[in-house]
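For reference, the structure discussed in these notes is given below.
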Amino acid sequence: MNNAVKKIVVLGGGTAGWMAAALLKKVLAGAIDIELVESEDIGTVGVGEATIPPIRLFNNVMGINEAEFLRETKATIKLAIKFDNWRVPGEGYFHTFGAPGKSLAFCHFHHLWLRARQQGNKTDLWQYDLNYLCAMAGKFAPINAKDNILELPYAYHFDAGLYARYLRKLSEQMGVVRHEGKVQQVFQHPNGDIKCLVLDDGRELSGDLFIDCSGFRGLLIQDKLNAGYDDWSHFLPCDRAVAVPSERFEKTLPYTRSIAHSAGWQWRIPLQHRNGNGLVYSSAHYTDEQASDLIMANLERKALAEPKFLRFKTGRRRQQWQRNVVAVGLASGFLEPLESTSIHLIQSAVVRLIQLFPHNGICQSAVNEYNRQSELEYTQIRDFLILHYHVNERSDSQFWRDMQQLAIPDSLRQKMAIFADNGQLFRDQNDLFLESSWLQVMLGQGIEPKDYHPIANNFSPEKLRDMLANIQAIKQEPLSKLPDHDTYIQTMINRS
Ligand SMILES: Cc1cc2nc3c(=O)[nH]c(=O)nc-3n(C[C@H](O)[C@H](O)[C@H](O)COP(=O)(O)OP(=O)(O)OC[C@H]3O[C@@H](n4cnc5c(N)ncnc54)[C@H](O)[C@@H]3O)c2cc1C
């Protein structure tokens, strides 16, 4: 019991630091003291505004009221991402959080659709997806679906700074102690474990377990413990971003936009009070000046600040838990925000730590399991991101031609091959992305399955046509009753 973990020190007060402190305190409650140190002088990365549906589980566990959350963080609803110009310039497709149609036992809906298409059905797959229909109509309200055919999974766009501030308030109410100051020295025990952090005014913060949320640098996990980094820039060569907020559009879209350019892509994230914008690009293909000119020319609304440049190296910390340090957030690695996965990676890292929590002392088996799961999670997301780049039909720039030639991981190659051969998709070991996500991006990027599952042949052409028409009608039905997205947000934030 001597090594029992009774006190946690969180280094960093960005989205990662405050999500970690808040969830650990909420779930582990009185058993653990938590202190967090952050430096206003150093600041946070200041981006990271689009999320995916599991964030709602985080908020629920935290006991967060949705109306208050929307008000405090200036959030909007996210139903999907629209990818423009990714396969070819001038065309787009959606990756929604929903699933098309209704699947049969052992046979996903898209096999029925593939067969119907061979018989002349011209309806595109997304017409059977409620998320898509709501996104296009700009409508939203949560649907209490009795049947999963009418599920409407959603996430949020929010102001990252306001979200961290909100979580700080909740954390401090629960007893998390915050220190303002710069960590200047880090002392280790003779065995190499971290003993304490020393701040610029001499204060010492000692702990049993340290959560490194210090951002890209990884002050503890890398600078002190040298955990190493798997560099994946040969798979995902974009290495810079330039971000700039702009005035909001009159109507707030309930989805993120990802607009491909000749050597990178632009995000547009609609919030209540502004749009978040940025360009992720490859420095081998654009200079910073070109990137900044491009994003400024594509804002469509007045910029609200100067462009801010960020550099990154895609990859992951080789050991995300080492000794008594767990790296969370940017300190644990970075995958570009194409599918808005970083905040989710923070959440899943903290949940994993809670599941493996070393209350009686850190044991290597728990550390190994944590690191195994993190590696798998990062690798699966990496593969999904590569898919967007690699499968393209763009011949208009060197960047996109290079992407077509990319040597891709075998895991992805196999997934693409089986889908191209017979339309099959399988979810690997807790992959964050369900079959419907892989389906939408594979089709959207231009992989056409040569065949479909024979179960789709169990229906006569007439029966199949009726089934599809019926499903389409069911999916359309809620639209007329749903409010506009802006009306929904206004109603929620005016709620007391
Ligand atoms: C271009 C870009 C776009 C992104 N878009 C998205 C998105 O849309 N969706 C998404 O999910 N994620 C996105 N992300 C990722 C997201 O921004 C991060 O995952 C998230 O903000 C967490 O950052 P962090 O808290 O790990 O680091 P940071 O925000 O960098 O925070 C680091 C903290 O450590 C503190 N600190 C550092 N050194 C010291 C020291 N010596 N002493 C005291 N304190 C110290 C700092 O003060 C700060 O509080 C994006 C990232 C980038 C780069």
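These residue numbers are counts, starting from 1, taken along the chain as shown.
Each Cβ is built from the backbone N, Cα and C atoms, and glycine gets one as well.
For G14 (FAD binding site), other Cβ atoms within 10 Å of its Cβ number 24. Here TrEMBL flags G13, G14, T15, A16, V183, L330, I343 as FAD binding site.
Annotation comment: TrEMBL describes K78 as 7-chloro-L-tryptophan binding site. The Cβ of K78 (7-chloro-L-tryptophan binding site) lies under 8 Å from the Cβ of A50, T51, F97, Y154, A155, Y156, H157, P254, Y255, T256, S340, each on the same chain and at least six residues away in sequence.
If you look up TrEMBL, you'll see K78 marked as active site.
Around the Cβ of E339 (L-tryptophan binding site), 22 further Cβ atoms fall within 10 Å across all displayed protein chains. Annotated L-tryptophan binding site per TrEMBL: E339, in sequence order.
Taking K78, V183, E339 as the candidate binding-site residues, the subset whose CB lies under 6 angstroms from any atom of ligand 1 consists of V183.
A coil conformation is recorded for G13 (FAD binding site) in the three-state DSSP classification, outside any helix or strand.
According to its DSSP assignment, I343 (FAD binding site) is helical. Highest Cβ count within 10 Å among the binding-site residues A16, L330: A16.
DSSP assigns L330 (FAD binding site) to a helix in the three-state reduction.
Around the Cβ of V183 (FAD binding site), a 10 Å sphere holds 23 further Cβ atoms from the protein chains shown.
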